[in-house]
Amino acid sequence: MKKLFVASTATAALLAAGIGVNEEAHAGGTNSGQEANTDVQNDGVHKLVWGDTLSELGVEYNASVQELMDWNELSSDLIYAGDDLIVDENVAAQTNHEQEEVAVANQQAAQQQAVAEQQAVAEQQAAEQQAAAEQQAAAEQQAAAEQQAVAQQQAAAEQQAAEQQAAEQQAAAEQQAAEQQAAAEQQAVAQQQAATQNVQIPAHLQTIAQRESNGDPTAINPTSGAAGKYQFLQSTWDSVAPAEYVGVSPAQVPEHVQDATAVKLYNNGQGAHHWVTA
């Protein structure tokens, strides 16, 4: 709200000349003003009213216009009704001191606020840096875990492939060994068969066979247990028979094997004394 302009030192004379004032009213106003000013002088502050000027107030309070301006921090001699005007140097000094204290307090509060804001910013930055570091650490940990998982999977796959390859190689080797053994056995059997099939049976031994079993390779003597074309006892047969036929009844062995075994027994230096029919 616009203040009510009171007066300046330059315009005080014009206002006084242009306005007619009733002497009685003026006297009464003067007395009232003096009473008010007497009250005001007690605290060193004057409440401005219409018609006050710095020059008049300076005379009234024994102060110069410049002092009043300095005490109230005025840049000109314009004053306004309703304002408080400091008219005492001590009050001005106290007011200035209080204002300085307020200014210092405000400055300290502003500094504290600035420090608090800076601290808050620093804490925020630290929190953001901490969060970023934690995120980076989590990302690095996740990447390391993923790399480890990939490495483990790759190692497991390589191990499985190596085991499978080793198993295949072992199976192939076993298969090859089995085939070689089977071939060797077949060759041995073939050689044995060839040997037995090509055996030359002495005429005496042929006669023994006719006497023992009538030349029947499956004949079995129920009394003695002798079996086969040459009626071998099992113990005698096992002592001279091929290894694969040991323990097998001679009656179940091919005839050429029986012939070869009988020739072997016949030719071992003991002749035909094994057979009672000889």
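Every residue, even glycine, has its Cβ placed from backbone N, Cα and C.
Annotations in TrEMBL come from automatic prediction, not curation.
Feature annotation from TrEMBL assigns coiled coil to 122-195.
Taking the domain 'LysM' (44-87) as a whole, pLDDT averages 93 in the prediction. Marked as domain 'LysM' by TrEMBL: 44-87.
The signal peptide annotation in TrEMBL covers 1-27.
Secondary structure of the domain 'LysM' (44-87) per DSSP (helix as H, G, I; strand as E, B; remaining residues coil): 15 helix, 9 strand, 20 coil.
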